[in-house]
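Annotated features, as they stand in Swiss-Prot:
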{"type": "BINDING", "residues": "10, 11, 12, 13, 14, 15, 34, 96, 119, 120, 121", "note": "NAD(+) binding site"}
{"type": "BINDING", "residues": "83, 89, 121, 152", "note": "substrate binding site"}
{"type": "ACT_SITE", "residues": "176", "note": "active site, proton acceptor"}
Ligand code: A3D
């Protein structure tokens, strides 16, 4: 069987990390694409020169021409700009929307059969626009945010309880913004829902509330520490988990920005929902039962995403 081909559209901090992890894990041959000349070639060569050390049989190549991504099985999109301290993800909308147009057209022309994972912010609106610009089937275009936000949630819960991250199942749904929805009733530590964890005295309600708030602001916490850009290790690992589920038909259920066509009562929009990812792409959306509070938080988050989608339509009338 031929090797998989993984195309990374954007070879900055996340793109470079993706290339390194994909090579180490022998996910397939890696193409790094960027508009910056030399950057994808340099990162590709540097990582290629590391493969003999750990014996990974993969090729890496950097390109500035979309022809190089031809036949890709997976495209992971990080092209665009990240935020700096003081910026919200939404501040990136205008500039990154133009980037999504170019990327969507490039994928449509050269890799129309790929499974596309968008990471560029503001995530839910950008993946919605990318699907429209590319014209690929909605189940083949998804956004990465929930795996990262849920991983942050799980890490903070592990830090507080001392329970291994391996035995924590955390869920964060909704849009990738500060009003995302960490699902307290559906998340478990050692099999116990967080509500019971509080009842049993593992942590106080105030401590749990603080973890939920820290999760919501997790991206900003890293931006403020780094000062020059945003998180890249955890975002890259999160997208790799999604790519693996697709390539190996693992059928994992992950929190993914997926196209909703009736699920959760939503139409023609992308938002973070539990999604089964297999060889068919986003094969099925799992519908959690919401109580009144969760529904109110989810609706608020959905309203923010819809506001950004409307802003995209205002900027680019071809999306209306
Ligand atoms: P950065 O290191 O700046 O890399 C972005 C790369 O995109 C640069 O190398 C640019 O040259 C390149 N680029 C710009 N325009 C184009 C274009 N038209 N075509 C191809 N390449 C282009 O950023 P990063 O890797 O740190 O972050 C990338 C994106 O991911 C940003 O929008 C971040 O906000 C976003 N991000 C999302 C999450 C989520 O959880 C959704 C987390 C962290 C970062």
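Cβ atoms are placed via backbone N, Cα and C, with glycine included.
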Set of same-chain residues at least 6 away whose C-beta sits under 8 angstroms from residue 89 (substrate binding site): 83, 121, 122, 123, 176, 177, 219
Pairwise CA distance, residue 10 (NAD(+) binding site) versus residue 152 (substrate binding site), rounded so that it is a whole Å: 24
Residue 34 (NAD(+) binding site) CB neighbourhood, other CB atoms within 10 A: 22
Alpha-carbon distance [residue 152 (substrate binding site); residue 119 (NAD(+) binding site)] in Å: 16
Among 10, 12, the one of these binding-site residues whose Cβ has the fewest neighbouring Cβ atoms within 10 Å: 12
Residue 152 (substrate binding site) in three-state DSSP notation: helix
Cβ-based isolation winner (fewest other Cβ atoms within 10 Å) among the binding-site residues 83, 152: 83
Closest of 12, 14, 34 to residue 152 (substrate binding site), Cα positions, binding-site residues only: 14
Neighbouring C-beta atoms (10 Å sphere around the C-beta of residue 119 (NAD(+) binding site)): 30
Residue 14 (NAD(+) binding site): tally of other CB atoms within 10 A of its CB: 27
Farthest-apart CA atoms of 10, 11, 12, 13, 14, 15, 34, 96, 119, 120, 121, residues recorded for NAD(+), distance in Å: 17
DSSP three-state assignment for residue 12 (NAD(+) binding site): coil
Cα-Cα distance maximum in Å, computed over every pair in 83, 89, 121, 152 that the record assigns to substrate: 19
Secondary structure of residue 83 (substrate binding site) (DSSP, helix/strand/coil): coil
